[in-house]
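Notes follow the structure.
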Amino acid sequence: MLELDGLVKAFGGFHAVDGCSLRVNKGEILGLIGPNGAGKTTLFNLIAGALQPTSGTIRFLGEDVTHLPTDALFHKGLVRTFQIPHEFHRLTALENLMMVPPRQPGESLFANWLAWGKVRRAEEEVHRKAEDTLAFLELGHVAHERAGNLSGGQKKLLELGRTMMTDAQLVLLDEPAAGVNRTLLRKLEEKILILNRERGYTFILIEHDMEMIEKLCDPVVCMAEGKVLIQGDFHTVRSDTRVLEAYLGETASAIERNEAEHDPRVEDMREQELPREDL
Amino acid sequence: MDIVGLANYAVFMAILVGIYALLALGLNIQWGFSGLFNAGIAGFFAIGAYTSAILTSLPASGRVGGFELPMVLGLLAAMAVAALIAWPIGKICLRFRSDYLAIATIGVAEIIRLVVRTEDWLTGGVRGITGIPRPFGDLPYMESQMAYLAIVAVLLLAAYLLVERQLKAPWGRMMRAIRDNENAAAAMGKRVADRRLQAFVFGSALMGLAGALFVHFNRSVTPEAIDPMIATFLIWIMLILGGSGNNRGAILGAAVIWVIWSVSELLTDRLPTEIAIQAKYVRVFIIGLTLQLVLRFRPEGILPERQHGGGTAPPRA
């Protein structure tokens, strides 16, 4: 469904993504892990068309989409969410969803005057769909709340909800679990699984929460320094020494170690594999 | 001042409030809904003013124009030309982030002002254009003023209804989404640059209309009329104070600020000349203080942006 070939993104002399090749098949939930600064989000930005690659190609549904802008990719069925929630903060939760469906007749400057009936029927349809989506996400009670006033976890759910308002094929989720409490997290996982199984969404998931990766993702891809380090099922990737080195190796910065400390899985790995005094 | 004089003054003020409210509505489309920082309102105001002036005025030697066309055509042309000039400006400048857009539009407005001052053959230079018709201008003073007020009021109401409906429609929702987060809007398939251009052109056309109404009211226009202090910055204050994102707020802000502005002029003109000079900047200070107080206690303006979450569909049980 999605094929990346030798993708490079250089910012000046720094290669954030450095020759990344990857295949995603239909129906998969691919987990993308790797230490901070590995290039995961940059890779997302390249796939979603928010950044243009320095070199390499991206094929989506058999078509070269390397240089298509974000909005064109959306119309092809490639929808993304953001690491930091990008809600439309002065719109209500309901409006946040209602703005999503493509080609709404009321978006034309003149249709509101020339084809009012058509606009109204489309609005009713979109309104119903948005309400159903909010109900599915258990956000119905905040439908008329400004999105900016929602909690961090609710915003994450709203981001997921936006992907449900269109006929998405491939959904890129950037750290859906970050800042989400445990109860909400289980709900989020469940929603992702339902979307995958019942609606046939393919997902790529960037996540630091290893529990979530283990539960949802197959295959798992670990990136480090802009490259794909290894691809395989969760346990293969987890026990691969290169992955441990990437997270905890000599080059890891203090910040990354902090990050690792908060992650129970990596903490496990560390206790098993490395003597304490090394840290 | 006697009662008649006071009534005259009130009508005069109301006409100007109507004209500035049109400018504020235009800015509301650009800033309030779409987040476009247009700091060159005076430029589009001037384009509308001079377009209608050239088309409808009496012939004069030494400059083109004097076509003596009816005022209705003048108004339509003012909107059309303002929109036409806004299009390439928007096409280029809207790629900038909002603060750069502000600088670019200040520059554009300044260029327009200099063109108006120097191109004698087109605009009459510093002497300006006179002999601009005014509808019902032959009636006695008070009736004529009332008639013009009615024209302005009808046009303002029409503009309000038009903008309000456009805002409540999916178009308005999309524009507000683009304003709140352009990256997310692009990721949801919206063509941000094209949509912004629409809003920029639409708003500029309303500003052109306001300019045309202004010259027909005064029967003449000179470059002095295009004062950025009033036609740009006062309009910004009107919108922010009234409530950016709310059309009624824009109109209310225009009324509040213009009343403060002109009543304070009335008062300072009565002061002895020694302090009249200082009084000029005290007026600006009062406007600034009003804005500060409103922003402190009602940060979203007197009438904040309303939510349109319900859409047009009835709520379901």
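Even glycines carry a Cβ here, placed using N, Cα and C.
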Among ranges B:36-55, B:256-275, whichever one TrEMBL labels transmembrane segment: B:36-55
Of B:6-29, B:36-55, B:67-87, B:99-116, B:146-163, whichever stretch has the most CB pairs under 8 A to the transmembrane segment (B:225-242): B:36-55
Cβ contacts under 8 Å made by the transmembrane segment (B:6-29) with residues that lie 6+ beyond its boundaries: 38, 41, 44-45, 141-142, 145-146, 148-149, 152-153, 155-156, 159-160, 163, 166, 199, 202-207, 209-210, 213-214, 217, 231, 234-236, 238-239, 242, 244-247, 249-251, 253-255, 257-259, 262, 266
Non-local residues, at least 6 beyond the ends, that sit with Cβ under 8 Å of the transmembrane segment (B:146-163): 11, 14-15, 18-19, 21-22, 25, 28-29, 75, 134-136, 139, 206, 209, 213, 216-217, 247-248, 251
Tertiary contacts of the transmembrane segment (B:36-55) (same chain, 6+ residues out, Cβ under 8 Å): 23, 26-27, 30, 64-67, 69, 71, 73-75, 77-79, 81-82, 85-86, 94, 98-99, 101-103, 105-113, 116, 122-123, 129, 132, 196, 199-200, 203-204, 207-212, 214-216, 221, 225-228, 230-232, 235-236
